[in-house]
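Here you go, one structure.
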Amino acid sequence: MSPYILFVMLTSLGLGTTLTFTSSHWLLAWMGLEINTLAIIPLMTNKHHPRAVEAATKYFLTQAAAAAILLFASIYNAWYSGQWFIQDMSSPVSTLMTLAIAIKLGIAPMHFWLPEVMQGISINTGLILVTWQKLAPLALLMQISHNIKPELLIILGLMSTIIGGWGGLNQTQIRKIMAYSSIAHLGWIISILHFMPALAMVNLFIYLIMTITMFMTFNLLNSPTINTLAVNWSKSPILAATSALALLSLGGLPPLSGFMPKWLIIQELTNQELAPTATLLALSALLSLFFYLRLSYSLSLTIMPNTHPQTLNWNMKITTPLPLSLMMMMTLTMLPITPTIISLF
Amino acid sequence: MVMMVVFSVMFLISLIAVASNPSPYFAALGLMIGAGVGCGMLTQFGMTFLSMILFLIYLGGMLVVFAYSAALAAEPYPSAWGSLEVFSYVVGSLMLVVVMWMLLVNDFGAFDEIEGCVMSVRRYVGVSEMYNAGGYMLLVAGWVLLVALLVVLELTRGFGRGCLRAV
């Protein structure tokens, strides 16, 4: 892609999310979301093959439909309450707005586009899709969170964690597994959104760190399926070892930092007298943990014999070691500083 | 009053030009003339801003896009008013107009109420607020349009450089 076009697209991605963050008018927030949708389409079709075009088409159609529903909900709110202020959305259409944002985020039962889109695009564009594109809709959701019926958010959250866990069990492609992991983590985020939005932001923060770690790892290891993960022990032993731990952090095991949001959310839900919800969430996290364990099993818990005729790359050159090492450290070791993390939000 | 009659007759001719199934180029020409005189009719009724917007968006936007996409599917021998089947459509439409006129038109009172140009701009003064208070939003909207253009350009680059190979 021409560097000028790439620059314009990446700048527009930043502009769109920033517009949605800083706006208090529904129309400007909608415009930011549309800029994000438009700007990522050429990034998705960067590798010109039909699978990428299919993924870009599916992404565009679902996001455009969600943006249309969002615009309709905001216009209804303007007609009903006479003002366009985002945080004063107390009209009966907050449910529709929540569902529109849920389509944009890939929350079950509107999650069907996410694994197929993730499979068709490159792993770096998948990283942008799963991290940056989630920020703007979640910002809107957090601003209207006190007006949404809590039952809706709990139901969406439970369905997302259960479907994210169950859906990922039968996958062998890494990008689809990461898509289902995104669905499950987003379920945790929105289940606590009505009661304590700060905890949702803590969960989002930790989830972003863990996901960026895993995507960068899979980008370096260049393995699209679980089978090809098995030869990575000889490519980079340190990466195989630490990414096994990072996968367990994604699964939410103590003493890794992925345990922090799950612990705090379960505590808050129990304080809000929603102990069965917390139990169901924790049990559905076991499903996700199973496929993370399967990945770490192929990656580092077993040593596959290499007899294929290929020069073994025993000294893998990592040209920019800082981002991955920083994210890996944060994924593995941030649990003891939980009070600091909470005080940030 | 004379202008209204002229505009109405030209509108009718352009509609017949579109409905007589010529090649798309001539139909687009008919649409252009029809939209032009339609804007003229709107101006006679005093809605000058609406007619400007209609001209800009309909002719300057949609029709230009239509012309480019029709030019992509060019045919060597377009059928115009010279061919027999198009001419029969024209004759049929004219006869339909005459029959409907004789059946339905009872009085010509609508044309008597228009005396000169009535400019009623009070309704549209709010539109200038969009440029005043919402100026930055228009700037962002312009940027969005530019990004949309670049996205379409990137997706449809020809000869294997883009991902859609229609051209």
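Glycine is no exception: its Cβ is also placed from the backbone N, Cα and C atoms.
Grabbed the feature section from TrEMBL, which reads as follows:
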DOMAIN    A:23-283  domain 'NADH:quinone oxidoreductase/Mrp antiporter transmembrane'
TRANSMEM  A:56-76  transmembrane segment
TRANSMEM  A:96-114  transmembrane segment
TRANSMEM  A:126-146  transmembrane segment
TRANSMEM  A:152-170  transmembrane segment
TRANSMEM  A:177-196  transmembrane segment
TRANSMEM  A:202-221  transmembrane segment
TRANSMEM  A:233-254  transmembrane segment
TRANSMEM  A:274-295  transmembrane segment
DOMAIN    A:289-342  domain 'NADH dehydrogenase subunit 2 C-terminal'
TRANSMEM  A:322-342  transmembrane segment
Given the transmembrane segment (A:152-170), which of the listed stretches A:126-146, A:177-196, A:202-221, A:233-254, A:322-342 has the most Cβ pairs that are under 8 Å apart from it?
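Highest pair count goes to A:177-196.
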Over the span of the domain 'NADH dehydrogenase subunit 2 C-terminal' (A:289-342), how high is the average pLDDT in this prediction?
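In the predicted model, the domain 'NADH dehydrogenase subunit 2 C-terminal' (A:289-342) has a mean pLDDT of 85.
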Mind checking which residues of the chain, 6+ beyond the ends of the transmembrane segment (A:233-254), have their Cβ under 8 Å from one of its Cβ atoms?
181, 210-211, 213-214, 217, 220-221, 261-263, 285, 288-289, 292-293, 295-296, 299-301, 303-304, 306, 312-314, 316, 318, 328, 331-332, 335
Would you confirm whether the transmembrane segment (A:202-221) and the transmembrane segment (A:96-114) meet the contact rule of 3 or more C-beta pairs below 8 angstroms, pairs 6 or more apart in sequence?
no
Tell me the residue counts in helix, strand and coil for the domain 'NADH dehydrogenase subunit 2 C-terminal' (A:289-342), as DSSP assigns them.
34 helix, 0 strand, 20 coil
Using a Cβ distance cut-off of under 8 Å, indicate which of A:96-114, A:177-196, A:322-342 has the most pairs with the transmembrane segment (A:56-76).
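The stretch with the most close Cβ contacts to the transmembrane segment (A:56-76) is A:96-114.
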